[in-house]
Amino acid sequence: MSEKGRFSAGLSRQAADGNKADAPLPPVPFRNYQIGKKELRNLIAWSFARYGTARTAQMADALKTLGFKYATQAAVSISVEDLRVPPSKRQLLAQAEAEIEAATERYTRGEITEVERYQKVIDTWNQINDQIKEEMLNNFRQNDPLNSVYMMANSGARGNVSQVRQLVGMRGLMANPQGRIIDLPIKTNFREGLTVTEYIISSYGARKGLVDTALRTADSGYLTRRLVDVSQDVIVRESDCGTEQGILLEYLMDGDKVVVSLEERLVGRVLARDVVHPQTQEILARRNQEVDHDLARTIAEAGIRQVMVRSPLTCEANRSVCRMCYGWSLAHSRLVDLGEAVGIIAAQSIGEPGTQLTMRTFHTGGVFTGEVARQIRAPFAGVVRFPKNLRTRPFRTRHGDDALQVEVNNQIILEGPDGQRESFDMTQGSTLLVRDGAQVQRDQLIAEVSLAKASRKSTEKAQKEVVADLAGEIRFADLPIEEKTDRQGNTTYTAQRQGLIWVMSGQVYNLPPGAEPVVKNGDRVQAGDVIAETSLVTEHGGIVRLPERSDTRSGREVEIINASVVLREARVRVESHQGREQFLLDTSSGQTFVLKATPGTKVGNDEVVAELIDNHFRSQTGGLVKFAGIEVARRGKAKQGYEVIQGGTLLWIPEETHEVNKDISLLNVDDGQYVEAGTEVVKDIFCQNAGVVEVIQKNDILREIVIKPGSLHLVDNPADLEVKSGTLIQPGQPVLSSIVPDRLVYLEHVETPEGPGLLLRPVQEYEIPDRPLVPTQESTSESGRSIRLRAVQRVPFKDGERVKSVGPVELLRTQLVLEIDTDAPQLKADIELIQDEKDPDIRRLQLVILETLLLRRDVEADLTQGSTHTRLLVKEGDSIASGDVIARTEIQAKKAGIVQGIREGAEVVRRVLVITDDDLVQVPLTGPANVEVGALVRVGDELAPGIPSPQSGQVMQITDGQVLLRMARPYLVSAGAILQVRNGDLVQRGDSLALLVFERAKTGDIIQGLPRIEELLEARKPKEMCVLAKRPGTVQLSWRGEEPDLKVIEADGTVRDYSVLPGQSLIVVDGQPVGVGDPLTDGPANPHDLLEIYYEYHRQTLGDDQAARLALREVQRFFVNEVQNVYRSQGVEISDKHIEIVVRQMTSKVRVDDGGDTILLPGELVELREIQQINATMAITGGAPAKYTPVLLGITKASLNTDSFISAASFQETTRVLTEAAIEGKSDWLRGLKENVIIGRLIPAGTGFTTYEEIAAEPEPDEEEEEPAVLPELPPRLILEDDQLIDDSTPAFDELEEDDDEEE
């Protein structure tokens, strides 16, 4: 009997029969075997079920005392000496090094790709690591069984094998922070000490561990919160809902291995149907019977594979679960009590282990083959025979070895020399590593048998870069190329099948932009010879100026002056103005200009250089502008105003404008009122002039207050006047008989508080000359380019414009503007100060048009380029024409050699190749050569009999007694690789040659642990979903090249096509039968699709109600199993019923598609039970039923969709939830725990359960009986004689409750 069996034999159905008050305590059997963690757990459980809490506590106490007693008798400690490194370690490492050396050699010969080399290295180290671990354990076992380290790890006191392995074996492979495995393992252990490199690599993992833990805690806490919120209102409210429904429990499998056994899943359940023995037809258990450990074992031993049990998923209790459907309360192995808050228990049971789930374990390079394929090694030496009908296709393993892949299940036979025969079954997809008739040694690897869907292994496409290890010229060997152009017009080149890219060694020079080679292919150059040169050319020509600059780091500058102009008549002085320096220009005519462009800056065409300081054209306040005879044009930027073309008079009608933004209540004057200067027109605003007020307001907000100066005359009837408002009146022209102005005025009609009136406003006149009074400077250079300073008058306003201002306004500006002749307007002029030739104290302004050319500084040769040398070809003051060369930069060869690789044609030459003596190698021969000139040889190939080639390369010449090789390096690229170079390209060392596209195995751990649980419970669409079968049928599978063509022939003969996305691998074979909703490719299933497929399928044969229920049932099963798989894979045990409660909350709603005659609206989410009741009512009244689709809600969505808006609002999106509840006038019935906690009432669970339940079901007053005020007497045997304890597991309490019931 297994140890577990021995214990759980005791976990009998004592609730049903055993230890009533008068039954003697059952005898205690003597047990004599080793007790580990698991056995200890079973022991306590057994004692608890058999003898109750008090005795178990006593026993646990005794065990503790026992443990401490012996733990303190003696002790072990570990010293450095105890860390014994297995002696065979060195030899194993050497073996691994040799294997890897061989793989690297194959890689340098171009026989395997970079990916295959990497994979081989990783797998080799993993295997060796395991072997060292075994050796280590054997070493301890045989030579030093009492070693303290070994004892600790072995007994489970501290540490485990993998930790000991790091102490005395080897630390093994490490992953980098991106999760890629570094192919340099840590060969040492902590006992020997790590090298510096190993230490750095090793510290990656430690940091990652800390960060992960911190993130995990937060994630796990949030998951628990969402779970509690979704299931907090699930409380046991009924004893039995009486449902006939149930769910089928069976073994939970993952591939071939049992994850949870049926026996384990049955314990604590209530049966929904009688269980009948399959052979004897004897009834083993009846419906509604609880399953304890004994019964579960009996059922499992009878060979029954499926049992129908009651479950929270099928419970029909309204908004809760009943005791029968929930089953045992796991805390004390008997039926759950009424009022138990099972929802919260479920949520915490699922959420709590969250922290133990890894975020995602490191993604190990390849999976160790052990998991995916079973390795077959020859049990004896012999010959392999294949049967005639064995169908295989050639296949390349992930280590780059040639093998055969079996297409149809079959077997192979191994025949020994002494007539031994052994046959091995080969399943479809297995790999044969030997050929028919091959001789094999004992323990040689013959084949890897693929296990049917063993681990949920899937592959993903990944890319790996192939990098050139040497500089040189590209040569493709037997590499057919396919060209693809995408929609954007980008062309990619891919390899159609595998081939070689050779890099022929040579020195590659990168040429700078604009460099031209001065040598031809085949030229011989010496060190220091010029290979290429760039010329520096002037664009515009002019006079050379070489500025004095000490800063030669960035190279020297050469300036070429195209044109210059000096203001001979004006001198420059500096004033400081408001703490800033200001440059002023005084002309000989006494005018002063402010420089707008400071010396040292550049000025473009039509930009302002200086502006005249002039107060003649300054007004006192704002006003109206009128032009008389002035013509203007807009030139240059808008904000500079209008240029005056024709002079004339500018008429200015002053007015004072206050722009305000205040309430109208603050206004102190009326519209049209005449005010004196200094009046407060608005609070805190005073006017400067006397005049008539105009108030501009909008929506009782003041915008502007305008004060118009002038003389006001009241008139009775302004309409009779001949002069219109807004006209200019000349002096002496009468307006009315009584009014004759003596100067030019502007007439305006106004409405005053006293009545209509005329306002005569004074007009100021400014005379503007045709030409400004400033001379224009001009100069023309030898090249014919001219530059000048032109004086311009600009008016900032247009005719009739109102200028809003309180203070003074400039009405005319006189500016000096730079003009460069039109053929080169993009040039800019530099502003410089120069000393006067006669008087050094006087500084003049000079404008120069410069072209600045930068000379490259000389560069010493490095790996990728030769040294450069720049020669200047001009002197200070030289006059040069445009297009002249002023300097040449030469690129010099580093070593002597022959020039190659200059491509003829239109393409720009960016690189030049020189083949030097370093790139050639001479091999002396003893016999005739068996290679030809031009042949590509790999390292190790024979050049002549018995003479292997020391290098890979190309044969350049064969002379008597020697072969001249040009070194080269072959790189194997696999089919489908993306090529980054073309044939004949020149590459530097470190350039990318190609991207290898390969499939790498994704182990189940990619989305594993917490992220996967969250994805499931939030019902999210997985990233790479599998294809699901929509109807049952038979698979028909054919291949179009690499692309699978997948069809399913359904029962009625319909053929349905399924499209398989690239990167998805099939998990079905030709002719395989599939059921509805079965996955056809690898990857996680999308639960929403699953629900839809099941619903559509069942609807064709059953009614909507039945179909919805069955579809939801299937999806519920899927969820329970998936969640269990994740937790079990991490070694966490959770009872199914907890997951079922949460899943029930996720799958209880349907979406209304059409309300029919009901009061439901389309799109509404309703409980399935509710809508089925409504439809039943409709069937009686003859109305049209509501149509609906079952939906799946993630836990967050389900929490927000509960009946209780208080609970939803306290979870997330408070404002939205409360607003909607208010608009819809919702009521909260306070059924759950959370609502009641928030309101501050007693919660309806535990003792508070009865409070509310009784209020609900209170009897009529006349039926009420007198209740005894005290409890009925205690049964005498409640107090046990021996340990004087009331024990809550003694069924005396049950009797108490029964008495209560009888009295009620």
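Every residue, even glycine, has its Cβ placed from backbone N, Cα and C.
Here is what Swiss-Prot says about this protein:
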type	residues	note
BINDING	Cys241, Cys315, Cys322, Cys325	Zn(2+) binding site
COMPBIAS	1256-1268	compositional bias 'Acidic residues'
COMPBIAS	1269-1278	compositional bias 'Low complexity'
COMPBIAS	1294-1304	compositional bias 'Acidic residues'
REGION	1-23	region 'Disordered'
REGION	1256-1304	region 'Disordered'
Legend entry - Same chain, 6+ residues apart, C-beta under 8 Å of the C-beta of Cys241 (Zn(2+) binding site), given in sequence order: Cys315, Glu316, Ala317, Cys322, Met324, Cys325
Inset, instruction - Enter the number of other CB atoms within 10 angstroms of the CB of Cys325 (Zn(2+) binding site). - result: 29
Inset, instruction - Go through Cys315, Cys322, our binding-site residues, and report the one whose Cβ sees the most other Cβ atoms within 10 Å. - result: Cys315
Inset, instruction - For the recorded Zn(2+) site, enumerate neighbouring residues of the same chain (Cβ within 8 Å of the Cβ centroid of Cys241, Cys315, Cys322, Cys325, site residues themselves excluded), in sequence order. - result: Glu238, Asp240, Thr243, Arg310, Pro312, Thr314, Glu316, Ala317, Val321, Arg323, Met324, Tyr326
Legend entry - DSSP three-state assignment for Cys322 (Zn(2+) binding site): strand
